[in-house]
Amino acid sequence: MNPYVSATLLLSLGLGTTITFASSHWLLAWMGLEINTLAILPLMAQQHHPRAVEATTKYFLTQATGAATLLFATTTNAWLTGQWDILQMSHPLSTTIAILALSLKVGLAPLHTWLPEVLQGLDLTTGLILSTWQKLAPFALLLQIQPTNSTIPIILGITSTLVGGWGGLNQTQLRKIMAYSSTAHLGWMILVLQFSPSLTLLTLFMYLTMTTSTFLVFKLNKSTNINMLATSWAKTPALTTLTPLILLSLGGLPPLTGFMPKWLILQELTKQDLAPIATLAALTALLSLYFYLRLTYAMTLTMSPNNITGTAPWRLPSSQLTLLLAILTMLTISLLPLTPTMMTLLTL
């Protein structure tokens, strides 16, 4: 792709998200979401591969449906209450429809079915953008909506953690595994959204850090399925040693960074007299942990079958910049001792 075109598209991506962040009026927020969607479509379809075009079409139809539903919800709210302000959405009907529309846009279960298929059709760089940056604008709106009925976010959250863990169990494609991982993490965020928005933001920040480092590892190794992970020890032995820690951090094992948001969310849910929900969420986390352990096993304890000639990837030194990966890996592995500092920042 022409560098000028790709720069324009990336700037449009940033502009769309920024407009949504800065808006207090529903129409302006909707416009930001639309710019965001339209800017990523050429990036998704740039390979001109039938799989990529199919993924782009599915993504466009899903996002258009979500945006239309959101516009319907906000118009209904304006009709019933006379308010276009995001923070003034008070009618239960329009609030529920808006939450469901935004859930469809980010890929919360049971509205998640488009996400694994779309992510599987993209290259790892565009998949990274879709899994991280594209979640920010809808989440900014979800944070501003005050749900009148607390049942809906809890149902969405528990369903997402369950489906995210269950769906990834039998997958061999890394991008599909990351899609289910995304759904599970978003479920944890939506669970605690109404009780502690600052905790949701912390979880989102941790999710972005861990997911970005995981995608960068896959990109560096050019891995798209579990079998290709087994060849990484010969190419990048130091990174292969650290990658299991990144994956287990995604799974939420102590003493790694990923344990912090899960621990704080379970604590908050227990404080809100939702101990059964907290127990169920903790059990669903075990499902996710299983497939992260499976990836870890494939990467560190198995050797790639090399009985077919010509299948081994070239072991040339990579020309990709690894500074960002190094920083994110350190954050993914070692932020847990800073939990008290994080808690202080959250209460400011």
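Note that Cβ sites are derived from N, Cα and C of the backbone, with glycine treated the same way.
Please treat TrEMBL annotations as automatic predictions, because they have not gone through curation.
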Transmembrane segment per TrEMBL - which of 92-115, 116-139: 92-115
Sequence-remote partners of the transmembrane segment (60-80) [C-beta within less than 8 Å, at least six residues beyond its ends]: 26-27, 30, 33-34, 37, 41, 89-91, 93-95, 97-98, 100-102, 104-105, 114, 118
Two-stretch contact, the transmembrane segment (274-293) and the transmembrane segment (177-195), at least three Cβ pairs under 8 Å: yes
Surrounding residues of the transmembrane segment (321-339) on its own chain - C-beta under 8 Å, 6+ positions past either end: 206, 209-210, 212-213, 216-217, 220, 239, 242, 245-246, 249-250, 254-260, 263-264
Long-range environment of the transmembrane segment (201-221) - Cβ separation under 8 angstroms, sequence gap at least 6: 124-125, 127-128, 131-132, 135-136, 139, 143, 174, 178, 181-182, 185-186, 188-189, 192, 228-229, 231-232, 235-236, 239, 243, 246-247, 249-250, 257-258, 260-261, 264-265, 318, 320, 322, 324-325, 328-329, 331-332, 335, 342, 346
